[in-house]
Structure formats: C-alpha cells, structure tokens
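Visitor: Starting off with a structure, shown below.
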Amino acid sequence: MEALIPVINKLQDVFNTVGADIIQLPQIAVVGTQSSGKSSVLESLVGRDLLPRGTGIVTRRPLILQLVHVDPEDRRKTSEENGVDGEEWGKFLHTKNKIYTDFDEIRQEIENETERVSGNNKGISDEPIHLKIFSPHVVNLTLVDLPGITKVPVGDQPKDIELQIRELILKYISNPNSIILAVTAANTDMATSEALKVAREVDPDGRRTLAVVTKLDLMDAGTDAMDVLMGRVIPVKLGLIGVVNRSQLDINNKKSVADSIRDEHGFLQKKYPSLANRNGTKYLARTLNRLLMHHIRDCLPELKTRINVLSAQYQSLLSSYGEPVEDMSATLLQLITKFATEYCNTIEGTAKYIETAELCGGARICYIFHETFGRTLESVDPLGGLTTIDVLTAIRNATGPRPALFVPEVSFELLVKRQVKRLEEPSLRCVELVHEEMQRIIQHCSNYSTQELLRFPKLHDAIVEVVTSLLRKRLPVTNEMVHNLVAIELAYINTKHPDFADACGLMNNNIEEQRRNRMRELPTSVPRDKMAGGAQAEQEGGTGTWRGMLKKGDEGQGEEKTKLQSSIPASPQKGHAVNLLDVPVPVARKLSAREQRDCEVIERLIKSYFLIVRKNIQDSVPKAVMHFLVNHVKDSLQSELVGQLYKPALLDDLLTESEDMAQRRNEAADMLKALQKASQVIAEIRETHLW
C-alpha cells in the first residue's frame, strides 16, 4: 500500500502541468492559527530546515509539499542520472527540472516565489507553490501548508484579510478527499481552537480530522496536557498527537531537526511516560502516512470514475472544436451543407438533437396550424359584431327606394362578406408565427446541431443573414397568397355550394313545419279564401327556390316568438308632423313578426355560409404557408447558401476562427492528454497495492 502515495503524487504532477484542480486528490491540509507551529511541524516531518520562519504572518501562499521516500539504491541511481551530490534534494514545479540540494536555497526560493506573487509585505495569494522533497529519512506524504488564521490586518493586508484566509483554508479542507491536520498550541485553551472550529465546519463528524498539539514544553508551570492528549477535552476520531517544536532560540543557535526530535523524545519520556509512544514527531509521521494510504485506498474507485468521465467530456469538447482548417473550400462547403441538412431535418423532425423542453421546428409549426390557428378560427363568432340593427339596416339599404316584398339576396352577400373578412387577420397572424418559428430554427441549429459554426463567428453570422433574408423574401409572397385565399372567398358567394344547399333545405323544412303547426292552431271559422291562400302559398313554396322559401316564412306572422327589443331606423309614426330635412332617428319599438323572421333567416344563412368558408380557410391557409414559405425555404436553402457564400474571395474571411478558439482547443487537448496520462497512472496500480 506504500505505492499509493507516489501514485497520487504522480497524479498531482500531471494535473499541475495543466494548472487544473478539476480532480480533488487525497492530501493532508495543515490548518492552524498564526504562529501556532504549523511550519515547524512540517519541518519536523521533513527533518530539515526548509520553510521560512519568523514572527507574524510568514506562510502567505499555500505550499503543497510532497515527501518522497527514496531507498539508497534508488538514490544512487537518481544521483547518477541527475548529477545530484547528496542524499536529499528538492524540486519546484515552477523551476521545472532544477534540483536543489541546499535547503537554505529552497527556503530562499520559497520566499522569493511568495514575494513575486503576494508582494513583499503581508498580502496573501491562493496560488500554490509546489515543492517535492526526496529523502531516505521521510515517509511518503502529501501535505499542504496554509496561511495561519489571523484576526487583525497588518502591513498592506486588506481589511478583509481574515475572510480571505478563511476562504483559502476552506477551499482546501472542503475537499472531501483531504485529511485535515488541525494544529493547536498547548499553551492555549483547546476549547477556543480556531483550527478545530474551522475543521468542524466542513467535517462535523471529525472523520477526517487529526489534531496536533504543539509547544508541549511551553505550558504554564504546574499544568500538563494529559487530559488533552487522552482526548478527554476535545474528542477527535482520528486521534490527537502532541509534539515539541524548536524555539526561535534553538533555530538561531542552528539546532538541527534531528537533535530537536531526540530532545522531544526525552521530554515526552520524562513528562508523559505513559503516552510517549503515541506522541512525538516520528509517531505523527507514521500516523499521517497510514491515514493517507487508507484514505487514498478509499478514494481510488471514485477517482478512477471521475477521470474516465472527464476524459470522455474533454474528448467530446475537443471534437466539437474541430481540427485546424486545411482545405478551406471543402470545409466551407461541408459546413454549409451540414447546416442546410440540419435545418431541414429540424423541420421534418429527424434532427440528431431532439429538444425535450419545448416544441420546436416542424412540431411547433404543426402546433401553430392545428392548435393556435385552428382554435383562433373556431373562436371567431359567425355573427360577431353583427347586431339585429345591422341586419335590418342592410336589408333596407339593399332595397333602395322601393319597399321590400322579399328579403333581398344582396343584403345577405353584403353581410356575409363582412363576416368572412374577419378571417383574414388570424390567417396572416398564422403566417407570422410560422415565420418566427423558422427564424428560431436557425438559432436551434447553431446551438445544438452544428457547433462547428461557433468556431467561425463570421460564417455563422453570414449563414444567419442569408437564411433570414430568404425568409424575409418569402414572407410577402406568402402573405399575398393568404390574402388572396380570403379575397377568393369574398369574390364569389356560392349559394349553390352543396353544404349551403343542405342548410337551406333544412331551413325550408323547419319553416314548413312551423307553418303547418300554425295552420292547426287556427280557429275552424277561418274563411276559405285564407285557407286557399295558404294552399297557394304552399304550392309556390314547393318550388324549392329561395324566394319560395322566404314567401313561406311570410305566412308565419301569427307565430309566437320572443319579441326582440331593438332600435331601427324608421319613419315617424302617423299623426305627427315631419320636417323632411330631418335625418330619420332610431325609434325604440318592438320588431314586427316579419322583421323578426327576416333577421332570423339572414342570420341563419350567414352562420351556415360562414362555417363553410371558415372550414375552407382552416384547410387552405396551412397548405399555402407550407408551399410558399416552409417547403420553398427547404428546397432552396442549400442553393441559396452556396450561391451567396461559396466564393473564393470570402473563404479567408468566413473561416476566420474566433480569437480564443485556438487557445481553447489547445487547453482542451492538454487537459485530455493529462487525463489520459492520469488514467494510465491509475491503471498501473496493482490490486495487491490496495491491501
């Protein structure tokens, strides 16, 4: 299982090369308040002085420290290959292959790199420094040294320095694959430990938190850390380990880490003999190594899955970016053809990318025809906007100066044309809706079907312009045709239409039935000449003509109907003087039986004929729109695009990639290469390494 930590280090190196943190790798994050001894603990684990030391804020950038254990045989081999003279050496990621054998030089490089990014005062940065230490005296570990938690800004630190440091710490410890090393000084109250507090925010159960108590030798006289080290004060599931740091005086006197560890062991044996074997720097190193190995083992399956998923995603992304253009003519023709095909397929419903959130393309056009347009027509009232006064006025105006003996046919035509004209507006609105949907299909194809177009924004804009122009040209042609469909219906009122003749026949039968009912109700003393007159009317009505039908209705003056209250233009009643220069004024009175009958007949005929015309329009308008707009655009789109865009003079301009496309392609290629390498690294892990 020791082989797992080098594997994770390899993965970290792989992803560091592309500057990505999309994979959350197992690591140990060191958290603590400022000057609590975090860096001292890390130096004890390394066994060398390599970190900047001092008072105040010293660690101002995250330091990712990879400790790599090397055997003597491997060390000799590496020394020969790299020309390294020494058993321990370090490498920074930002200095590439440069090898440092002087640890003072490593410390100076950390300070220089920190100041380069964070400034030479007290500011912080979240950009990490990557350092790898090779030594036979270390165990395999990956640790992250983080800036200490502080409260008050100093130097050129911003006022929200506490919040910045907190967010930086949370960024690392929120990683569910990280172990939190919470460092607290023994000469402070554990109940007020900021490190444990912030660790508990992201790990409330303490499943991945290990507490370290530093400065055991600096506790007040007469006190000890027995209860704390036994876990009686703050219980932590992964354990609690005490260590002794070097003092600033020891550092000034050049006391080595090895001597410090030896003195630490002596102090623990003297002060805490029963706990000495479960505390100290060496025990901490072994514990961290064991915890990290088990943690990596638990995280590995999910890590494999994540890398495989990301590989597939970046492969798809790279494919969508396409290869650099070599043959411009072929590429342009291919993109134009693909767009035209996808546009037509979206209308036909055979597109590769089917929208699931809403209707689009041909399905939406169908919805417009049969739901939107169909329901709008059905909601148009055949007699809407037509009152009894309008009907009677039309009848009177149609007779001119002569009194009407029968209902004039001209009044029917006049009124029915007025009603049919109302179908034109929803028909033209239907054309507009289909036109808008065909515009939307352009964007749909750009977003879902032909992502290659996004590589070439000028080509995309040119295609949109050509298709929009084609649709714009077809719109007036289609509108004209739809207008003509309504005009055709208005041009000739066909009263011999089979459906209309049936309606007239039914009306004849209805009026005849009403007349017979009235005849039965007449008193027996009715004179014979009236009876004969009725028979004569029946004979005249039997011809089946419109005039005969209306004449039959004229006999029904005795029929009991609801008397409509209305105002009609009428002559002044007898007995009153009239100024002939006055305009006739409406007079409120009850309609006569004949006026009621005339209105009813005209209204029934209008309704019957209107329904016939509405049915025709509901059928013919979608056909006209399909022929003159949809199908015409489908058939001519390819040739229109080729004719407008496939020109040698336009090739260079149209196939100019967007500024960031080449960069994004390179980034995606680098990331894919890193993921493939990471997948290869994980694949090398033998199952025996896991146990």
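Keep in mind that glycine also has a Cβ here, set from the backbone N, Cα and C atoms.
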Visitor: Quick test of your reading of Swiss-Prot: among 279-293, 309-323, 609-623, where does it put region 'Important for homodimerization'?
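Guide: Based on what Swiss-Prot states, region 'Important for homodimerization' spans 609-623.
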Visitor: If Swiss-Prot is the reference, give me the range from 32-39, 72-79 marked as region 'G1 motif'.
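Guide: It is 32-39 that Swiss-Prot describes as region 'G1 motif'.
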Visitor: Scan 121-124, 145-148, 269-272, 665-668 against Swiss-Prot and say which stretch is down as region 'G3 motif'.
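Guide: Residues 145-148 are the ones Swiss-Prot records as region 'G3 motif'.
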Visitor: Have a look at 106-109, 214-217, 222-225, 302-305 and point to the one annotated region 'G4 motif' in Swiss-Prot.
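Guide: Of 106-109, 214-217, 222-225, 302-305, Swiss-Prot gives region 'G4 motif' for 214-217.
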Visitor: For the region 'G1 motif' (32-39), what does DSSP give as the number of helix, strand and coil residues?
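Guide: Output for the region 'G1 motif' (32-39) reads 2 helix, 2 strand, 4 coil.
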